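Taken straight from TrEMBL:
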| type | residues | note |
| --- | --- | --- |
| COMPBIAS | 36-52 | compositional bias 'Polar residues' |
| DOMAIN | 114-523 | domain 'Amino acid transporter transmembrane' |
| REGION | 28-71 | region 'Disordered' |
| TRANSMEM | 114-135 | transmembrane segment |
| TRANSMEM | 141-163 | transmembrane segment |
| TRANSMEM | 193-218 | transmembrane segment |
| TRANSMEM | 238-254 | transmembrane segment |
| TRANSMEM | 261-284 | transmembrane segment |
| TRANSMEM | 347-370 | transmembrane segment |
| TRANSMEM | 395-416 | transmembrane segment |
| TRANSMEM | 437-458 | transmembrane segment |
| TRANSMEM | 464-485 | transmembrane segment |
| TRANSMEM | 497-523 | transmembrane segment |
Amino acid sequence: MAEAKEIWSAPITPRTTSVVGTPVVASPPVSCPPSQLHSPSLTRSPLLQSENGDAPHPKSKTPKTPRTPLRISNLTPRFITPLGSPVRKALRFTKLDPQDAWLPITESRNGNQYYAAFHTLCSGIGIQALVLPVALTVLGWTWGIISLTLAFIWQLYTLWLLVNLHESVEHGVRYCRYLQLCGATFGEKVGKLLALFPILYLSAGTCTTLIIIGGSTARTFYEVVCGDSCTAKPMTTVEWYLVFTCAAVVLSQLPNLNSIAGISLIGAVTAVGYCTSIWITSVAEGALDGVNYDPIRGENSVENAFGVLNALGIIAFAFRGHNLILEIQSTMPSSEKHPSHVPMWKGVKVSYTLIAACLFPLTIGGYWAYGQLIPSNGGMLTALYQFHSHDVSRFVLGLTSFFVVVNALCSFQIYGMPAFDDMESQYTTRMKKPCPWWLRALIRLFFGFMCFFIGVAVPFLSQLAGLIGGVALPVTFAYPCFMWLKTKKPKKYSAMWGLNWFLGTLGVCLSVVLIAASLYVIIDTGVNVSFFNPQ
């Protein structure tokens, strides 16, 4: 076995001749652990450890006799074992893409289960959770809780699918981005057609919504802290948007996804903090006088049906974040002996336990406290200020507002990372070199202020929760099921085959119906449209 380890750990000498009849293009030598899966950033990662856990030793200055080029058949043990074939396949098909080492998502591979928990919790819970009680005003107690529970279980199942689809031991490949997995599964053109718009919509649209909510809440925080004694002229809403955007752009200069793990931790803590603070305060103050729990009904059956579907879209919007799971998992080292899906799933289980502990009390407690009186725009946060601004201490109101602003700043970083990665990849693909620091700064500056412009131009974007949920629903609930069917190829008519076909088809149908229903509700009830006039 010692001989086998020594042979495996030797770097493959580049050559232009064919190996086992397959032409090989010359490339720089890459030293990596023997069973390492597709990890492009190995060419730059200083934190990479060898298979036995020791740090790599510095190169000896003593010249060594050059080795004879090794063939792939010599890279595996001479004896035949059941593991021999997978090892040979992994070694044969593994391709290292140096460009990934230049991009912010895959630049660093020293993540762990704690980083995964921080990122997943920060991206999985946020402002969208505050409007969940609005869905119960249409669905009622029973169907509202049932729908929320089923949606939570469904999205947790598809999350498990994505975590296990991230790496393919059969081909030695890691799919580090959601769009890459879509392209590998459905084909490059079809994958882009299906997933590009929803993913970009989730990334840029969420960042724009965060600017709107973060800027507005920052203004509220200032008014709460300042109180009646403030004599200074208050800033306008647009100016608060600008202040928030500048702070977000400054934080976005951190180089890669691993470097914002601390920011994600702060975002996760503040998200849990304001969710808990809002529902505990609302329940402690008691139900409002004249509260009514009867579901809101329209004038006819068509309006009732579209209202229910729009409420389901609000629930679907609360479970966004799947477009970041593969990116988060790609920050971890991975090998056949230590695959990344093990620590990733541990982090996911912890984070989604906390998410459930926030979403369900917030939804149930908020609906119990406000019933049909809960505002559709802003949900629980607006209700807290509207009904309890004189009953609750300024400290609680100010702390809640502060948590919301900080969480919005932190969430902006992780949701903006796919956009940064995509824009930088355009440069690295064309120029064949990493982005210089000044260009990276300009890219992030451009993205931040582009979202600011959209937020000022379309300030009512945060009111379109049902429509956003319908557009993003396939990314969360449908596509992972079809990816599993296409990639893993479960036995026909087996339980796994039937479950994924059912959930995937149901997710696509729901997406189409929810988009139509949301558009109908928007046209029928109207939206406070005020272009370039944020309130």
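Cβ coordinates are placed from backbone N, Cα and C, and glycine is handled just like the others.
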Take a look at 114-135, 437-458, 497-523 and tell me which one has the most Cβ pairs under 8 Å to the transmembrane segment (347-370). 114-135
For the transmembrane segment (114-135), find every same-chain residue at least 6 residues outside the stretch whose CB is under 8 Å from a CB in it, and list them. 144, 147-148, 209-210, 213, 257-258, 261-265, 267-268, 271-272, 275, 278, 311-312, 314-315, 317-321, 324-325, 328-329, 331-332, 343-344, 346-348, 350-352, 354-355, 358-359, 362-363, 366-367, 370, 374, 376, 378-381, 404, 407-408, 410-411, 414-415, 462, 465
Contact count check, CB pairs under 8 angstroms to the transmembrane segment (395-416), set 141-163, 238-254, 437-458, 497-523; argmax is 238-254
Give the one range among 238-254, 437-458, 497-523 whose Cβ atoms make the most pairs under 8 Å with those of the transmembrane segment (141-163). 497-523
